[in-house]
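> Summarising the annotation, TrEMBL assigns active site to A:Asp11, A:Glu72, A:Asp145. Taken from TrEMBL, the feature Mg(2+) 1 binding site applies to A:Asp11, A:Asp145. What TrEMBL records for A:Glu72 is Mg(2+) 2 binding site.
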Protein chains: 2
Amino acid sequence: MTSPLRVLGVDPGLTRCGVGVVDVSRDRSARLVHVGVVRSDPELPIEQRLATIAAGLRAVVAEHRPDVVAVERVFSQHNRSTVMGTAQASGIALLVAAEHGLAAATHTPSEVKAAVTGYGAADKLQVQTMVARVLRLDALPKPADAADALALALCHAWRGGAAAAARTTLTPAQQAWAAAERTGRR
Amino acid sequence: MTSPLRVLGVDPGLTRCGVGVVDVSRDRSARLVHVGVVRSDPELPIEQRLATIAAGLRAVVAEHRPDVVAVERVFSQHNRSTVMGTAQASGIALLVAAEHGLAAATHTPSEVKAAVTGYGAADKLQVQTMVARVLRLDALPKPADAADALALALCHAWRGGAAAAARTTLTPAQQAWAAAERTGRR
């Protein structure tokens, strides 16, 4: 009997940071554990916003105890005005993982789309529809940040299927190293 | 008698994160307290690298107890391959400030150059020479990341001179709010 892999997906953002926790079994079936959004007040100084994000993510980790944290990879060519804040929030998510002794991984948006829908250029509605179907939700997950976080968590579990299978024989430290090696240099 | 303002400057980076601590008096004279570089092993997973940076910065804060933390502002148009790691490291520096109840501020490279040399397009050697002169160092501060961190700390103190003067009458919390308001929306 293999216990499911519990993945925390994080769609990083300063104003809204999507978080989704799913349990994924070896047969790829998945169950929703938690979904939500960590928000920070745009009126606050940046350092207090990042501390708010960190506290929110730590609370999710403490409550739901994921095995691994998957964070959306941020690109500098996304030349939105928010990209630096998004990158900073992603750094906070990765730090929170490390501070809890959890392995972390990053996945690109097209990796997530391909893993969840089979199509790397899928639109948001296609991704949300598939996430809702897989998790047997009555409605599309909202807001979009939360849906993206769930998709990211599913992507991570499905792409690392072999690792999930290996969890019965590896120690947590071995699992963490295996996960780090799989995701390679990010 | 006004005590000097102690500023921790951080030149964010994943492989080398420059840190410099200076005491700056109301007459703008300055004294070197600490200078160094927090390094993380490029072979480690990103989350462990960020945790290493966080631990190093926390150690500097614990030992030297700065009044405020100044971090170089990272731009997405700096389209280096390292820009996302730099942004993540800057987020860690800001988080460490907030977690110690310290105000933080960001300054652009040209603000730092202008504050330290009087010329926003000064080259690195001009900046390092002025930092060495102001701090009465026998040699140019090295490596470059450490020199930049010192310049950043001086820039912050000199640009916020009025605030340093106000430190005799404001509580630490009031000072933090004043600093946050001065630096505005970053």
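Residue 1 is the first one shown; counting continues down the chain.
Heads up, the Cβ atoms here are built off N, Cα and C, so glycines get one too.
Could you tell me the structural context for the features on the list?
Listed in sequence order, A:Cys17, A:Gly18, A:Val19, A:Gly20, A:Glu72, A:Asp145, A:Ala146, A:Asp148, A:Ala149, A:Leu152 are the same-chain residues at least 6 apart in sequence whose CB falls under 8 Å from the CB of A:Asp11 (active site).
For A:Asp145 (Mg(2+) 1 binding site), other Cβ atoms within 10 Å of its Cβ number 24.
Every protein chain shown contributes to the tally, and the Cβ of A:Glu72 (active site) ends up with 26 other Cβ atoms within 10 Å.
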